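Peer 1: Feature annotation from Swiss-Prot assigns active site, proton acceptor to 241; the stated evidence is experimental evidence. Annotation comment: Swiss-Prot describes 13, 14, 15, 16, 17, 18, 19, 20, 47, 86, 87, 149 as NADP(+) binding site. The annotation substrate binding site is assigned in Swiss-Prot to 179, 183, 217, 236, 339, 344.
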């Protein structure tokens, strides 16, 4: 039985690309499923001068591919309104406040306000300040703030932003969005581990040799050089998405599956993450930049549009994380992410130690591997040892697997739908809290400092490969190898 959610959501950046492609279709899916019925309202706001009818047409266009029921779509759109608004002008918040109160009265919503900031990060603190000072927060129910990444560009800027936000909101009212945490297969990590004693009992240093997290992209920088050349793979992918996935893998079993206990378990792991000095950065991390490929379409990074000719930016990062925890003593967590690689893939590979039993044959048992493939297909694969078909008692590897069915894909919420729904329910388990964000920044800042000072080699790798040779050597130093070859 679906329970109706009473809420009022204000989308800052309400005419933007993200709102049109992801946010409004996600809210519409919640409406179709019955979570939103009569008592909800959406207020869009941006600098663009639109009236309500023009804004409703924008919403209509954004959801047209998600329904054949025009009457249902029109009933949904009636819950939308719009006000043009300058987020830096305190006086203009009176206009927005009026729109919010009108919508609350019209749809009988008492409190329960969500503010979604799909705007440039430099406006986050300003908006939060004026939401409080100009009286836009509800006196009853809840007030929650959804924040798109990036949350700062360093620990210092993130801490400054956190301080600004906490002048208006408590940390438990802040929902920092990392859409990777909304992906079904990321959430499957916990179910697979804790729901199966066979894995839960072996999720430690006694059985696991190493853990690998890969986020590879086939595209280059495309038209994002202005942003990407200042961020690189380290800030764009490692600091947020990768670290949050690692949190699910490294944490202890939570006391319960509530957001409070899940965050506490993740934080205990993050707090045990070793922060590297300069020598350790060079030992445990590799940075690289893509060069040319076999195709003429594959330009080197330095020849891409708007990329400075002398750029030292990293388009590929590989590294080893270490946790000072009894569970993970001596177990490396390898991470890598890069552009212009051989295949698009987001995956986790858990490599188990090889068996030591002597079968009396020349063939040694291989390392078993549990793989969780997050993108582009959802799948779980298990590589095990079994007897070969030969007469001698030799072993061979066999593959077991499961792939998300088309029916399951159809019924799986998109990440933004899931995260908006979780925020409406006050469930923060799939959002990063300040402790997790701050530790990730401290870890990454130590690496960034070495790279900014140009005190680490900048490798080059061939476009269409899986990265530089140094990435393979990083693992080979421990007797390991990347599971995913591209």
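From the backbone N, Cα and C atoms, a Cβ is placed for every residue, glycine too.
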Peer 1: Among 179, 183, 217, 236, 339, 344, the annotated substrate contacts, find the widest CA pair distance and round it to a whole Å.
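Peer 2: The widest Cα-Cα gap among those binding residues is 21 Å.
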Peer 1: Near residue 179 (substrate binding site), which of the recorded positions 13, 17, 19, 47, 241 can be found within 10 Å, Cα to Cα?
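Peer 2: Neighbours among recorded positions, in sequence order: 241.
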Peer 1: Across the listed NADP(+)-binding residues, 13, 14, 15, 16, 17, 18, 19, 20, 47, 86, 87, 149, what is the farthest Cα to Cα distance, given in whole Å?
Peer 2: 21
Peer 1: If you count other C-beta atoms within 10 angstroms, which of the binding-site residues 15, 17 is the most crowded?
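Peer 2: The residue with the most neighbouring Cβ atoms within 10 Å is 15.
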Peer 1: At the level of the C-alpha atoms, what whole-angstrom distance separates residue 47 (NADP(+) binding site) and residue 236 (substrate binding site)?
Peer 2: 27
Peer 1: State which of the following recorded positions has the fewest other Cβ atoms within 10 Å around its Cβ: 179, 183, 241, 339, 344.
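Peer 2: Comparing Cβ neighbours within 10 Å for the recorded positions 179, 183, 241, 339, 344, 344 has the fewest.
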Peer 1: Based on DSSP, name the secondary structure state of residue 236 (substrate binding site): helix, strand or coil.
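Peer 2: Reduced to three states, the DSSP call for residue 236 (substrate binding site) is helix.
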Peer 1: Taking DSSP as the reference, which of helix, strand or coil describes residue 19 (NADP(+) binding site)?
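Peer 2: Residue 19 (NADP(+) binding site) sits in a helix per DSSP.
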Peer 1: Tally every other Cβ atom lying within 10 Å of the Cβ atom of residue 19 (NADP(+) binding site).
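Peer 2: That number is 24.
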Peer 1: Including all protein chains displayed, how many Cβ atoms other than that of residue 87 (NADP(+) binding site) lie within 10 Å of its Cβ?
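Peer 2: Its Cβ shell of radius 10 Å holds 22 other Cβ atoms.
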Peer 1: List the same-chain residues at least 6 positions away in sequence whose Cβ sits under 8 Å from the Cβ of residue 217 (substrate binding site), in sequence order, or say none.
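Peer 2: The list for residue 217 (substrate binding site) reads 337, 338, 339, 340, 341, 344, given in order along the sequence.
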Peer 1: I'd like the Cβ neighbour count for residue 236 (substrate binding site), meaning other Cβ atoms within 10 Å of its Cβ, all protein chains included.
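Peer 2: Residue 236 (substrate binding site) is surrounded by 23 other Cβ atoms within 10 Å.
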Peer 1: I need the CA-to-CA distance for residue 15 (NADP(+) binding site) versus residue 236 (substrate binding site), whole Å please.
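Peer 2: Per the Cα atoms, residue 15 (NADP(+) binding site) and residue 236 (substrate binding site) stand 24 Å apart.
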